[in-house]
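What follows is a single structure, written as structure tokens, with notes after it.
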Amino acid sequence: MAQATYDIVIAGGKYTILVLESGPPTRGDPLHIQPARYLHHLRPDSTTVKFQVGRESVALGGRAPIVPCGQCLGGGSSVNFTMYTRASASDYDDWENVYGNPGWGSADLLPLLRKCETYQVEPGKPTHGYSGPLKISQGGFFTETGKEFLDVAAQYDKTRGQTDDVNGLFECDKYGRWQKWIDAKTGTRSDVPHHYIYNHDFREDQVRILTGYDVKKIIFEGKRAAGVEYVANSHFNPDAKAEVLTAIARRLVVISAGAFGSPAILERSGIGSKETLAKVGVEQIIDLPGVGESYQDHQVIFGPYVAADDVHTLDGIVTDDKVEIAKWTKEWKETGSGLMAHNGLDAGVKMRPNEVELSQLGESFRKRWQEFYVPAPDKPVLWMGTMSMFLGDRSQSSVKKGYSIGWYIQYPVSLGHVHITSAEDVQSPLDFHPGYLDSPEEMSLHKWGYKRSREFARRLPSYRGEVVANHPAFAPSSKAATGARSGPVPVTAPDIEYTAEDEVALEAYIRRVVATAWHSVSRHQMGLRFLISCTVLTMMV
């Protein structure tokens, strides 16, 4: 067994440091640094994400949901939608006050949030930083549908205002432009490897980056984390020996392998529930039943609409139209702007229901509203926003230009799990259940999201109807029926009325299409229970 010694070992990324990454490097690759290319990583043949397949779910009509997670240096920061979205201040305060993690409240973490960023949108914002490595901007374009969304919001929704900062930590329920992890000067993705690793001239005896290696487990000396065992990922290192390697850490082992990788490493190491570990023959070292439990994700749906021919969308770029890619790449290289320096998401809202909407959500939600949301007015119930492209199954439509309005549940009640199925094989499928729609109240929230987003969509001047195959199968005679349109309805038009039959069709649609927002978190327990001599830092990514 080959062995090396380091001060710090980071599983997932004046001391010697080893960073281990399961996937490939990303340095300078246009598919990573050009923000508009992100959907390339979600293709079925992608090697920069790993697709986790969940259990077949009764709540999803027997469907097995698929959830991608980053599998390249930088993880999700290298392949995600570059959507800059912060938690609410009360979320951090809950870490400290509810879950027993001293020093993890919003007052403690705000200096760290500011330290990592350079906020290029507007100077002088007290909750933002201005000298950090990661750049935040509005991107290199402001699309027509983004502008129209905010114009419609001002006229159609008089109960909510607008803001110049939808991520200011302390308030929500206001519409605004959505910030992005994009450098305003260069138009490049603001990810972790290009701003913390590749931009430094590290000597290999200082920082060593090994890509294409999977961490098998943590090595313990008693209950102290002393290092890790790792193996080559044969997909990226086909010529490497099939042997277990070890890295010894003099100071610290950091497990930062995400919502799927971190619990798997912990469980293979003997940290977790005795019952779960016994199923796969792992000897328990630390009794921590929460590992791999309480999986959560923002359940998202994007409703797609046909756009007018003269609007700008990312459809050409994401469908590999060579003319569109060449056109926007040229502008991106010359000025750092244009659609290639954009993610298509220009505007949105972190939304709480008003009294009328609350009455429509039913009694199943009201109890949670009173107990969870009322004491924390900065906590939104839904996110809703517009995307300047057709997001959906393109095999069922010939739409060349589209836009989508999506929504997701901010604090889902449904909980799932992520557990290992093998003690030895790091590539074995996980026992994974995301829990989408397991709680009845989530259906009412998704129905609210669909109805609300559709009212916005059909008022945008760019609206030319719904992409029928990607909407509920409403009866042709229904007032909710979908189809091609010549233009928008007036802002003052009455909302669509849905019959009982329409509600059934809407529920079936939600079960058919609800999916991951790529915001997975699972439990790698912190708090007083974990104050033992073992030095392992776990993070939720």
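Note: Cβ is positioned from N, Cα and C throughout, glycine not excepted.
What TrEMBL records for this protein:
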{"type": "BINDING", "residues": "V215, W518, H519", "note": "FAD binding site"}
{"type": "DOMAIN", "residues": "258-272", "note": "domain 'Glucose-methanol-choline oxidoreductase N-terminal'"}
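Positions of TrEMBL features highlighted on the structure.
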{"residue": "V215", "record": "FAD binding site", "Cβ within 10 Å": "27"}
{"residue": "W518", "record": "FAD binding site", "Cβ within 10 Å": "19"}
{"residue": "H519", "record": "FAD binding site", "Cβ within 10 Å": "20"}
Secondary structure content, the domain 'Glucose-methanol-choline oxidoreductase N-terminal' (258-272) (per DSSP, counts of residues): 11 helix, 2 strand, 2 coil
Rounded mean pLDDT for the residues that make up the domain 'Glucose-methanol-choline oxidoreductase N-terminal' (258-272): 96
